Amino acid sequence: MERFGLLKLEAFNNRQKNHKKRLVFVLFSIGVIIFGTCFSTVNIYKFVNGNIVVKTGSLSEQVIDKKQSKNNEPGQALYPTRPEIGEEIGELYIPKLDAKLPIYHGTNEDELARGVGHFAESVLPGENDNSVLSGHRDTVFRKLGEIGEGDELIVRTSAGEFKYIVYKVRIVDENDRTVIVPKPRATLTVTTCYPFDDFASATERYILVAYLASEKVG
């Protein structure tokens, strides 16, 4: 009889242990779900607040997180420092048009009046991600419509020479937010107002999207 009572007690203890294990697992699972939800909410908040649309000059632009990407050598920045607004940072050479155009950091009217503007919140030419250039259709980019898929765009800066190949041409609404988004590889996006022959209207944008094909660093 005593042996039977001990067996019952042992069985009861085992059930209690299993119950506790299940309770711990359930509580742990709930904690993971709550943490994941909070983490996702915070990151969505950061994304929404870090990717707002701004207008500078004639271009509607989407702010990209300021992240200094690296070149092929791990740990070595392509550009030691960021340029100042209004500073000349390089040259855009378009072989098909035999055009050499100065690039200025910033896309305010002061920069666009002098040449091609580099959207200050995008990465610099040659870096991984999306580097964005813009210009007026009646000055530096009046012949940009002649450039299409397969054409070369060459950017020369203090970091080196970067050759891009156009792989896509887009015509989008002036408020299209997909023009300036992060890219998984080194990309050059060139934009101007559209259409080219109707200066009374500027409701669209002509977009060249090009991938980095080769580079000469230094």
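Start at 1 and count along the chain as shown; that gives each residue its number.
For all residues, glycine too, the Cβ spot is worked out from N, Cα and C.
Here is what TrEMBL says about this protein:
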type	residues	note
TRANSMEM	23-45	transmembrane segment
ACT_SITE	His136	active site, proton donor/acceptor
ACT_SITE	Cys193	active site, acyl-thioester intermediate
Other C-beta atoms that fall within 10 angstroms of the C-beta of His136 (active site, proton donor/acceptor): 19
Inter-residue C-alpha distance, His136 (active site, proton donor/acceptor) and the residue listed as 'active site, acyl-thioester intermediate' (nearest angstrom): 7
The residue listed as 'active site, acyl-thioester intermediate': secondary structure state under DSSP, collapsed to three categories: strand
Where the residue listed as 'active site, proton donor/acceptor' sits in the secondary structure, as DSSP reduces it to three classes: coil
